[in-house]
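Novice: The transmembrane segment annotation in TrEMBL covers B:6-24, B:36-58, B:64-85, B:92-110, B:130-150, B:171-193, B:199-218, B:225-246, B:252-271.
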Amino acid sequence: MRVGPSVRQLGPFRIEVGQPSGAWTLAVSAVAIFAAFIAAGGIFWAYGVNPIHAYAVIAHDVLVVPGAFPEIFRSTIPLLLTGVGLVLAFRAQFYNIGAEGQLLAGAVAATGVALFTPIRGPMTLPVMFAAGFVGGALWGLLPSLLKLRLNVNEVITTLMMNYIALYFVSWLVTGPWRGPSVRGFAYTDQFPLSAWLPLIPGTRIHWPTLVLGVVLAAGCAVLLARTRLGFAIRVQGENPEAARYVGINALRTTLLVMLLSGGAAGLAGVGEVAGVHHKLLDPNQVSLGYGYTAIIVAWLARGQALATLITATLFGLIYSSGDVMQVSLQMPFRVTSVFNGLILFFLIGSERLLAYRVRWAPRRAPADPPASAAAPHRPSGEEQWE
Amino acid sequence: MGVVDWILGVLVRGMALGTPLLWGALGEIYAERAGVVNLGVEGMMILGAFFAFAAAQLTGHPGLGLLAAALIGGMAALLHAFVSVTLRANQFVSGLALSMLGLGLAGLLGRGWEGFPLSNPLPERSILPPLGALLAVAIWALLYHTRWGIILRTVGESPAAADAMGIDVALVRYLAVVFGGMLAGVAGGFLSVAYRPSWTEGMTGGIGWIVVALAIFASWDPLRAIGAALLFGTLFHLSFRLQAWIPPEPLQMMPFAFTILVLAIAARWGARAWRAPEALGLPYLRGER
């Protein structure tokens, strides 16, 4: 019996190729992240900070110090919302790199409602969220239309839209929307109190946005697993050809996905201005690169909407670590970009491994015929090596 | 006469900022012609900017600074080549990772170097702008009039055909990506050694993304990149120059908006001139289609 190309014997291990299992995916991802932390440790060491000391300080200041732990969720909130949206987009094979711009568009729309409409009272926040969703969705509309109608690469267009949004926001806050009462500073007036999101007492967590994120993650998981649209998204993402045959409307599916994806990022933008800043300000302060980090959040979640609950928290932890390293270790906040870049590199670098699975499948005796001929006769784990 | 002087002045300044754009775009065009997109330009440029400044400050020679920039740019690009060519990971995502890592590393290592002017800067109107134009012509000649150019373009258009011709696709792509990274490093170095002889964290400020846009805007043609770089550089300069009359942001958005517009026009009217390399962004594995 000959061995197909999908099985290879390497010493006592058998390497199989096929669909990755959940446990194997988790193991490879965990090892990739661990490797990224080790590599980052090497960089700290080169910088002159003992990596073991650094990680000990981070662990202590992020997890042990009272009041520090909830801080993780401040950046988890925008990462969760944008991350869930990106999971949807990536599932449909639409590489939306424009979450940063869509987030900013949402922040602008919410600011418009808070400052320039007469809506006051309990309706203010719901209207702001609705406006933010629409803002983010609209910001993602042009790239999706260009992709669908003219097959223009969405990675480039969504990326360009980020910078257009960035300059748009900085034009707003230095120009027409600069607050008359803030004289000289580049931001808008403060929002009226009815446009402030409530916080969990004793923390800085604007909980309505967090609840929205969790609901959205659960909703998207149901959408993907149980609905017609979810089925269409999955088929189109895995096999566009097949999607056409079974009559899935690619235009409609991708448009809906992008509206949801951009809208979710827009909601994150609302959370930042209504829950954290209470005004619109310099775009680099509205979003600390959340739209880009969310790409890693979504990538690590491997297409599972609910997994973003974990991955967004992980990156919330990294943002908190950045704060700690700035304060306790006198390192610049940019150090979070080192973590982000390394984790992303190790994740995509280990992607090939996912297709392989290593099993313990020792040979019977040294006198056996070559493993390539003998191995497949035995189910794995049947016998022990003595 | 006043008007002519004014326009000349604007063009000269536009050329100053156009120079790093041109160097970076030439590198990106070169790599993309071999089929590899590198979205890590921003990261390679900021690393180039920092290492150029540090090396120039330590040695006193701005030229050595630029050399250091080229080396670090090439090394950063090597990482991208390894992940996207050897490991065949998604090129776009790998480039993004490189941008993040580069910005982070430069920010980390550059701490403590901020706020000092460079003691021995390169004059802005030095050899680099004309050298950039010369390099554009050289790369154009290389691409269209040499055997190596045919090999490089074949790898970018049809790696399977190149492979069948006995060309080592991976090797060609490695070389193209690393050379492109070296040019991006020099582009960053120009910023910190000549354009604004100092080091500030995040001083590339999105120029790397304009470079990516420029490569497309110039339709992957090194000669067109000269004009495009001058145009984008002038737009950026005008955004400062006209500040009294127009806010700078609408002009600063232009390069990004232009790029979307150009992509749309090229796709709609199928301008043959704006065709991207056929295998751009696709990893190559023998026997796989």
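Numbers run from 1 along the shown chain.
Every residue, even glycine, has its Cβ placed from backbone N, Cα and C.
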Novice: What parts of the chain pack near the transmembrane segment (B:199-218), using Cβ distances under 8 Å and only residues at least 6 beyond its ends?
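Specialist: Same-chain contacts beyond the ends: 20-21, 24-25, 28-29, 32, 39-46, 49-50, 53-54, 99, 103, 106-107, 110-111, 113-114, 116, 184, 187-188, 191-192, 224-225, 227-229, 232, 255-256, 258-259, 262-263, 276.
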Novice: Under 8 Å, at least 3 Cβ pairs, sequence separation 6 or more: does that hold for the transmembrane segment (B:64-85) versus the transmembrane segment (B:225-246)?
Specialist: no
Novice: Out of B:6-24, B:36-58, B:171-193, which stretch touches the transmembrane segment (B:92-110) the most, going by CB pairs under 8 Å?
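Specialist: By Cβ pairs under 8 Å, B:36-58 leads among B:6-24, B:36-58, B:171-193.
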